């Protein structure tokens, strides 16, 4: 008798994706972050659904509805902090996932990589709109500053901004539409994640050596289900420690003040996961130039498959490229720090140097290093 999971139409799909999937035998813990991102998305959708039951997207009551959730709803404080810190956890996993993709050359899978970049943009849009919903000071001013960047687009910019706002400033219409988009986007992200997986399973997973692994594959279950489960346990332990003991560690104190259009905070800044891009935006004195640099800071990832010069896929045996990769990681951390600092010397010049270095490493130094390494190996 044939096993049901191999014949039933629905079970067959699950079987091919998570049970009998041929997987390289040598993939490391760095390959766990895909499943962890799936877990983060489930946490966010579940906690967000319960928050939406009590939240009101109205400028007069949004802030007090969040207060009501924290004070009056059963375990409302827990759900709210799970949702807020879940976003941070999502981006920690996301950046580690992207870093692993760059290090081991996973960007060679073009469709999977490009859908990953679309997923990153969708996640950033979702998180930005979610940050506006509590209607605190930083919510309001963050929304005003970031949406206002679109006015830099020639000719249609001003009309575009007013169209997004639904008026002449960030107001009730803006909050309402942001809530609607924030609610629907995670489901679009979930659908895109399925497409991401679909394309990944067309080619099979990459591995640390960056070489074809068709000759040495093992079934996903039980080997990698067990490995993923360990990752999930460690992630949840870290997550709940954070939620229960340090819930406001990554938040902004300004967001505990209700939004006031008449009072500008001394330093407007986004959440920590956008600070590197915000620092790149601020490092260019021209508004349109800054917006282009901001978009390119993410979009530059799409160029990676086209500017790879090395004949080796992974960085595992490429010491010069390894050095440049870790220099890039350090540079992104410096940009993150600079993004949270006021616009004054010496932070301005540090931000400009770090921004220039960011694009130089990706677009020039890494391709040059690949050519040098090929020459060293007489390839």
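Note that Cβ sites are derived from N, Cα and C of the backbone, with glycine treated the same way.
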Of 12-32, 33-53, the range Swiss-Prot tags as transmembrane segment is 33-53
Quick one: which of 77-98, 143-164 does Swiss-Prot have down as transmembrane segment? 77-98
Interface check, the transmembrane segment (33-53) with the transmembrane segment (320-340), three or more C-beta pairs under 8 A: no
What residues, ordered by sequence, lie under 8 A Cβ-to-Cβ from residue 83 (heme b b562 binding site) and sit at least six positions away in the same chain? 44, 47, 48, 51
With Cβ distances under 8 Å as the criterion, find the stretch in 113-133, 178-198, 347-367 that has the most pairs with the transmembrane segment (77-98). 113-133
Long-range Cβ list for residue 196 (heme b b566 binding site), cut-off under 8 Å, min separation 6+ in sequence, same chain only, gives 112, 115, 116, 119
